[in-house]
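These features come from Swiss-Prot:
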{"type": "BINDING", "residues": "Cys124, Cys127, His147, Cys150", "note": "Zn(2+) 1 binding site"}
{"type": "ZN_FING", "residues": "124-191", "note": "zinc finger"}
{"type": "BINDING", "residues": "Cys142, His144, Cys187, Cys190", "note": "Zn(2+) 2 binding site"}
{"type": "COMPBIAS", "residues": "271-297", "note": "compositional bias 'Low complexity'"}
{"type": "COMPBIAS", "residues": "345-397", "note": "compositional bias 'Polar residues'"}
{"type": "COMPBIAS", "residues": "406-423", "note": "compositional bias 'Polar residues'"}
{"type": "COMPBIAS", "residues": "482-498", "note": "compositional bias 'Gly residues'"}
Amino acid sequence: MAAESDVLSEIEVLQSIYLDELNVTQNDEGGWTVSLVLHPSTAEDCLSQFVRLTLTMDLDSQYPYSSPYISIHNPRGLSDDKLLSLQKSLQMEAEECVGTPVLYQLIERAKEILTDSNIPHGNCVICLYDFKEGEVFTKTSCYHYFHSHCLGRYITHSEMELKDRERELEEDKTRDRTEEEELAVVCPVCRESLTYDLDALLSSPAPVLCQQEDAVIGGEFKKKWEALQKILERQKEKGGVIDPEAESNRFLIHINEAPVNLSDTPGMTDSSGAESSQSLPSSSPDSTSTTQTSQNQHTAGQPQRKHTGDFKRGRRGRGAGRGGPARHMVPAPGEERLGKHIQSSDKINSANSGPTNTTSQVESTAQRQACELSENTAQLRQPLTNEENKPVSQDMLTSEPKDGQEVSQQKECISKEVTQTILQEGHPEREHVGRGDKRGSRGSARHHGHWQDRNYKGPGHWDNSGSAGHRGGAYRTREGGAGRGHRGGGAYRGGGRGMHQRVEKEFRKEGVL
């Protein structure tokens, strides 16, 4: 009971000295907690007080025979090291005075340390530079310190933001008018409202910002940098480093890339290959003749596929099905002769396109081309005589051109006769098809030529009027009629004139006419 009365008497004395600054509470265990906000002793000059703290002393039920536990809260202007040393010194003094009242002695000791340390520690949180002697700084009501000029610039910027915020609130029609938001400039550290004189702050001199000298790179730093560089390279190789620029361009599509050549792409059709070969420019007569020869081969190959498809559809009796590649590819005789004549005409074109400087060169070139032409036509003379009984004119073959004009005339004559030969060759075939002999032999004597194949239907695939897509065929007709591509027994309406025009168009495309 005597110990408790001693504690109560000591607390009453402290309350009479520090008045309202002292805060005393009693806990459930019978102990007491005494706390006090301390400032430096500056003769009550609040503007000169740059540091402060809250000293808390916890007393147990055994006090004063046990030392109180001392803690510091809410420090301002003091560094961590300073606070740690202050707490240790007070705790040591309390342990030395065990058995006697020590609260007043601890409070005064802490106030003395604050007075000695009444210099703001740390740096200005606005400019991040330390405080130096001669610089003008300001202490706020929350005991935070700034250079006066830095604080003035901060307040100016904050006021501009507040005006923008007020304008936004006025334009906002959805906000509640009853709840007005209080806008004020706050401390950049603790967000407590500030009281300030803006003109006085801006008139203060700006702090001197020293330039940081270039650090001297030592050997240890270089070694460390090399080791880190190796780690960086290893991480890049394993994909551990993300490059923002490379990731942003990862799915970027470049439109300036060269187009893909269709002729180099596998799986393309023959027609696409022919179109790509036709689009390529030629730089010499040899390349021109080579390109034309490849085009002729593609052109000669396409009718063969069409002809074979017609045969398959004719065999089925219904032409609406899709025919695949034929099993037996038999070349047509007219197509072979046409390809040979086109090759001979291409050679004449290459001879005409060459430079002619003298008359002797022209004559020698023409004679050489005439000899080649006579050899080619000699090979074709026998089948043409047996099938058509109309051989090629000997006067035209034996005549020797004397200049480029005669060579071109000879080419035109040959082209016309080839056209007429193919036209005459197609008429008997069409007559045989038109009669519609339902049970006639496929190897009948009506076919001309000992090598005429049963699949060959003549040049009718050039005529659009007799399309092979109709139901029925040349060998099997539904009604026993004579129509080639029709179901009924009507006559075939495809005229020779239309076919002649069609053949001439094909020859003009190939460069014969």
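Backbone N, Cα and C atoms are what each Cβ position is placed from, and that goes for glycine too.
Model, not experiment: these values are computed from the prediction.
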If you draw a 10 Å sphere on the Cβ of His147 (Zn(2+) 1 binding site), how many other Cβ atoms land inside? 25
Residues near the Zn(2+) 2 site, Cys142, His144, Cys187, Cys190 excluded, by Cβ within 8 Å of the Cβ center? Thr140, Ser141, Tyr143, Pro188, Val189, Arg191, Glu192, Leu194
8 Å Cβ shell about Cys124, Cys127, His147, Cys150 centroid, Zn(2+) 1 site members excluded: Val125, Ile126, Leu128, Tyr129, Phe137, Phe146, His149, Leu151, Pro207
Rounded Cα distance, in Å, between Cys124 (Zn(2+) 1 binding site) and Cys142 (Zn(2+) 2 binding site) is 15
When the binding-site residues Cys142, Cys150 are compared by other Cβ atoms within 10 Å, fewest goes to Cys142
Using CB atoms and a 10 A radius, I'd like the single residue among the binding-site residues Cys124, Cys127, Cys190 with the highest neighbour count. Cys124
Taking the Cβ of His144 (Zn(2+) 2 binding site) as the centre, how many other Cβ atoms fall within a 10 Å radius? 21
Treating G and I as helix alongside H, and B as strand alongside E, what does DSSP give for the zinc finger (124-191) in helix, strand and coil? 24 helix, 8 strand, 36 coil
Counting across all protein chains shown, how many other Cβ atoms sit within 10 Å of the Cβ of Cys187 (Zn(2+) 2 binding site)? 18
